[in-house]
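Input: a single structure, listed below in structure tokens.
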């Protein structure tokens, strides 16, 4: 799936399943918000009222057009509407907004240890929070495979009394599927079927059961129980555990073969908050649009307003800039980093050179010491482009049989390329990154001996093949599978695929917020789905190794549950602040984290505040807190109309107090960012106001350390904050002054620094990003 790297381009090739039921192509799905409490008393239910509203504007009395009704976070319904019906519906006095539906796609044994969470600790986050046993994490994803040991309920107490959710029973999902660990399971497919017709139940389950694997994987990362032994095809052997092993899980299945539909996602948000979840984990993303047109941003806002922490994946569009998704400031947006573990599988060429690679292939190996004929399919006749990518049907078996084939990344999934090579008679595959992928490597459970190499490695292999051909020699190679390697340096590294800033919708809000482990993560996996994810793979495994910001997000969801359990009074913004201000930016060599794609030093736009550090987040000292009024002021100062703000918040917006906040960059966020438009000015300046709450020790004095961006003047007033008691709030002013720099029209220059408050025990760090932009004219 698009945000799950093993099938990055798959959905561009998917043709939606069409059933015998007719789908009116002239109608599209819209989400209709109505004014709360405006239902006339003559209608017994809101649904009756909504059906009457539709009947009043429809030329055909198509009352069956309602897909979902929303009652908890959002008041309204979703329906298939023609353009004329949308126009008429907008004239009804009780209709607040109409939002077009977007289709989205889904974007680990060692990670708890790498993050410093160990069961043997007598103190620390796991101990303090009793592993989050009364907290509920709602995972909005592809469903769950409930029989996995990661979801057993041994030694768990009763289901929390606050829980109001349910376990939806279906023919393949009996009531026994839920227990004291998996306490809720629902599925939402009406939006999916409204667009695609009735689902094909031979390939999908009409139940919360997972037919993809993504949801099972992410749920066990967030809150999987301890399982030993755990591995995938012999790799990453050890003890598997989620971030909050005793937290309860609720699965909300919204993703199907053709994607995840907004009307279903919003219904899942509505149900999750009504059910009583404490955290929502969403490893799903789409196109960035204004928040009032974004169902995820709207659902997340309403959830956060109800006290629910929402974490979402940043997306896998990296390493390019402006690729980050799920960028609303009330969402915690998570990018992906590497861990200190990898799976080396190197290519040895006939000329003696070794090219570094990675793989989790677990089948019969190539014969040790033997070199095999090597070809690059893109130069061997036929359609060079298709064969270079090893697309279905593109390889000539006469040329491929008995050889190792070099394939380029792109179009079809990485594992599918191996299947194409295998079907054509190839013995092995080398998968080479393109220039855009850089040197970032992802390990896959291939169906034949195969490995992935970086762009430079691919160039070296192609060059070797070309030079051998000129000398009329047979190029040869083998793949050396070396198993699991621990203690890798440097780590963490920002994963090549992890989506990058700046924030396309709100440049003054740094996104992603943080990064967490997201490369080659081992977690639970369903039966009936091979570890490569391709239909012909009949292997079974209880765990699988996957990569993506989809895997990073549930790490933060689980950590948020632990923090909420340890600090029940903390708001979602306080939890995010604790994770951000204690995050680290140095790797295990003591140097700034690298960017995997280039090998260069990474920046704030790559990692946000840094890599999460759970133990420090437990005791951050100070927090930057926020409430709904702050978010409304932010939206007002971002030039959203009061009507647009009401679509997001569900309440009549008052922008009269927003001027007191000054500008949108004054949202009390744990990071600071400004974009200066040069417009011929020589000197530019701005200021930020921030308020911190003492959650550390009474009678503590914090002093500021300023690390200004290069060439930028930064001052902070006051330079000292003296707190008399816990819970006390104090404010400070940050002034930023910059001189114009020489830039070509339309270009920009970004520099970063930080502001650090310390009392000798705590370090509270906020990144500061200054961007100079030269207008086009």
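Sequential numbering from 1, following the chain as shown.
Here the Cβ of each residue, glycine as well, is placed from N, Cα and C on the backbone.
Keep in mind that this is a model prediction, so the values were computed, not measured.
Annotated features in TrEMBL:
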type	residues	note
SIGNAL	1-20	signal peptide
DOMAIN	29-107	domain 'Inhibitor I9'
DOMAIN	132-599	domain 'Peptidase S8/S53'
ACT_SITE	141	active site, charge relay system
ACT_SITE	214	active site, charge relay system
DOMAIN	372-461	domain 'PA'
ACT_SITE	550	active site, charge relay system
DOMAIN	666-770	domain 'Subtilisin-like protease fibronectin type-III'
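Cβ environment of residue 141 (active site, charge relay system): 106, 214, 215, 218, 219, 251, 252, 253, 254, 255, 281, 282, 283, 284 lie under 8 Å away, each six or more residues apart in the same chain. In this structure, 214 is the one among the active-site residues 214, 550 with the smallest number of other Cβ atoms inside 10 Å of its Cβ. The average pLDDT computed for the domain 'Peptidase S8/S53' (132-599) is 95.
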